[in-house]
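J.: So TrEMBL has the following annotated:
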DOMAIN    41-290  domain 'G-protein coupled receptors family 1 profile'
TRANSMEM  25-49  transmembrane segment
TRANSMEM  102-120  transmembrane segment
TRANSMEM  140-162  transmembrane segment
TRANSMEM  200-225  transmembrane segment
TRANSMEM  237-260  transmembrane segment
TRANSMEM  272-292  transmembrane segment
């Protein structure tokens, strides 16, 4: 049972991203176009990996999980923002806010873990290609995905329960377009210094450990690539890793900007900009990066389209 104060589970007020000006109306329409691109791109990636047998490998199974996380991420935040903007309402129910907080934190944490584990997959593929089927079996890929989902969900559940047990007071206006942790914790009426410090340390660990694993994996990969004698092998290795490395850089860069700053260093505008990048822009770019830069995915897409054309 949630602890209650005088507000008694009253609705929160989301400030949102846009006002009624023509410029903001244009930006809202642009955001919805980007949202639709993210929706269609990630859905297409998941379906493509499911239907094409050539993509039934651990690498592409993990990629399908990444696309699923991105798909759920944009669906957690954007529909509510759009509904509030179009209806003129800015409210979100207490339980709705708690649910949104749990989902976005779970998906963000799961993506951090999954991207790190995907770098290990690339390390095995390039540094130990003859042992790849043993070290990266389907069972190992499944365990990686489950570890990402369950580990991040448990972390998110703990933080969400603790945060939502604190008493809130004032106007309950969240200076954001969804219930993100830094914006919600500002509404707490009691001293939460200890909890904020704990949450900050938890965030650093959740970001730095994957970054260390990614850096270590790519350090070994770079060493192996340098020792390759064939120019073609070097090009294939760089092509295989470039998509993942680009996605990792975009995701962790945005997360570090958003979460590795103390409250005194934050402003509502900076929080919004950071959140737009990793909750809208990155999920949109990920399927485009993998589709345009990955020959296997591009070939699979052509095979599926050709198969559908012939069947008609």
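Cβ coordinates are placed from backbone N, Cα and C, and glycine is handled just like the others.
Map the listed features onto the structure and describe their local environment.
T.: Within the chain, the transmembrane segment (25-49) has long-range Cβ neighbours (under 8 A, six or more residues past its boundaries) at 17-18, 55-56, 60-61, 63-64, 67-68, 70-71, 74-75, 78, 82, 85, 280-281, 283-284, 286-288, 290-291, 297, 300-301, 304.
Long-range Cβ contacts of the transmembrane segment (102-120) within its own chain (Cβ-Cβ under 8 Å, at least 6 residues beyond either end) map to 59, 62-63, 65-66, 69-70, 72-73, 76-77, 144-145, 147-149, 151-153, 155-157, 159-160, 178-181, 206-207, 209-211, 213-214, 217-218, 244, 247-248, 251-252, 255, 278-279.
Within the same chain, residues 109, 112-113, 115-117, 119-120, 122-123, 126-127, 155, 159, 234, 237-238, 241, 245, 248, 252, 255-256, 259-260, 262 sit at least 6 positions outside the transmembrane segment (200-225) and bring their C-beta atoms closer than 8 Å to a C-beta of that stretch.
Residues 66, 108, 111-112, 115, 118-119, 122, 125-126, 182, 203-204, 207, 210-211, 214, 218, 221, 224-225, 228, 270-271, 274-275, 277-278, 281-282, 285-286, 289-290, 293-295 of the same chain lie 6+ residues outside the transmembrane segment (237-260) yet bring a C-beta within less than 8 angstroms of a C-beta in it.
Residues of the same chain lying 6 or more positions beyond the ends of the transmembrane segment (272-292) and with a Cβ under 8 Å from any Cβ of it are 17, 31, 34-35, 37-38, 41-42, 44-45, 63, 66-67, 70-71, 73-74, 77-78, 104, 108, 176-178, 180, 243, 246-247, 250-251, 254-255, 257-258, 298, 301.
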J.: Over the domain 'G-protein coupled receptors family 1 profile' (41-290), what is the model's mean pLDDT?
T.: 88
